[in-house]
Amino acid sequence: MTLFTPFRNVFRKQLLGGISVFLVSASGTAFGNESPASPPLPAISVATVLSERITEWDEYTGRLQAPETVVLKPRVSGYVTEVAYREGDLVHQGDVLFSIDDRLFRAEVERLEAQQASLQSQLKLAESEFVRARRLNATKAISADVYDNRQAALQQARAELDALKASLKHARLQLSFTQVVSPIDGRVSHAQVTQGNYVTSGQSELTTIVSTEQMYAWFDVDEQTYLNYVRNRLVRVSATRDSSPVMMALSGDAGYAYQGHIDFINNSVNQQTGSIRMRATFENNAQMLMPGLFARLRLIASKPYDAILIDEKAVGTDLNRKYVLKLDDANVVTYQPVTLGEKVAGLRVVQSGLTPEDRIVVSGLQKIRPSMQVAPKVVEMATTEQLADIHRYQQWHTEDSSVLTARQSTDAQ
């Protein structure tokens, strides 16, 4: 070891420490003024609330029923000789559907017709004898007993002929009943009795026929709703189109394509269910409607008013309260309680809590919280189909409201 060895070690340590201090100082000089990069704002779908003039409606379900349904039964007994229709066809009133063996009935008619000819001859003879007796009685050439007998014989001949005519009429009617005809226009079902089978008058069921020109839709309205209709004069009953309109959709239909009218309201409330039965009538020009089909019905439930509508996906639930997340001008999320109303065309009416210019979050509510700033991704509140439904229904309601206003004016006069 030399004299300079400890000095070199000390110098080396001091040099290394200086370098370290320089590097730390340099790094602080180069990067100390830069702040950490801010995370990007979350992109959230936002839409402006929809403001539309609407009319609320109530929805019901029911089943279609034919105004006329006939269970066809024979009026005379006998063997079926022919089934004269094709099952499932449309038939008209008077069309022959079944034929029953008519030989016995025809023979009875012919027997009575022959007997009628005989009685007519006897009546002529009685009339001639009475005329002669009346002439002789005037000159006292015959006794009163003879005259009375001739008069009685004439009356008896007339009575017997009248009785025979009645029997002949009944026999001809029975003969006509061997041709079983359709009593209504409608669609006929399958034949429950085929050729060669014996049928009994008034008992055997041959087939069924349902009318098809119109269809009834029956539905039940609760007492409170019915009173609302009456108080606000929203329901009118008539056998014509002047009554309250009803829209109908069948199972699987996206829209309410059928329009009818109320033509019957029952005369009492069902005390067990607290409801009253109503009936709507629909034209069946396209022959699409059939008895037994399930139907959804809509009735006007309010007068037109301006409403705010939102997508129901934008609504959150906080315990027993409903809320939406609203954006301010700085795109900061705020918590906004709302009061919801009826559902219209898949959108929910907001009764309170929002104004027409408000922007709200329509999806991803669970990803954000109040006071958070977001990057709004603007979307439409309603689809084109929803807007078309709203406008179509509102036009329909407006037309009906004009009829209702005219009707109320007429009633007031």
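Quick reminder: no glycine exception, Cβ is built from N, Cα and C everywhere.
Automatic prediction, not curation, is the source of TrEMBL annotations.
Per TrEMBL, these features apply:
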| type | residues | note |
| --- | --- | --- |
| COILED | 109-174 | coiled coil |
| DOMAIN | 69-208 | domain 'Multidrug resistance protein MdtA-like barrel-sandwich hybrid' |
| DOMAIN | 110-178 | domain 'Multidrug resistance protein MdtA-like alpha-helical hairpin' |
| DOMAIN | 245-299 | domain 'Multidrug resistance protein MdtA-like beta-barrel' |
| DOMAIN | 306-367 | domain 'Multidrug resistance protein MdtA-like C-terminal permuted SH3' |
| SIGNAL | 1-32 | signal peptide |
Helix, strand and coil totals (DSSP H, G, I; E, B; other) for the domain 'Multidrug resistance protein MdtA-like alpha-helical hairpin' (110-178): 62 helix, 0 strand, 7 coil
Average pLDDT across the domain 'Multidrug resistance protein MdtA-like barrel-sandwich hybrid' (69-208), rounded to a whole number: 96
Per-state residue totals over the domain 'Multidrug resistance protein MdtA-like C-terminal permuted SH3' (306-367) - DSSP helix, strand, coil: 6 helix, 38 strand, 18 coil
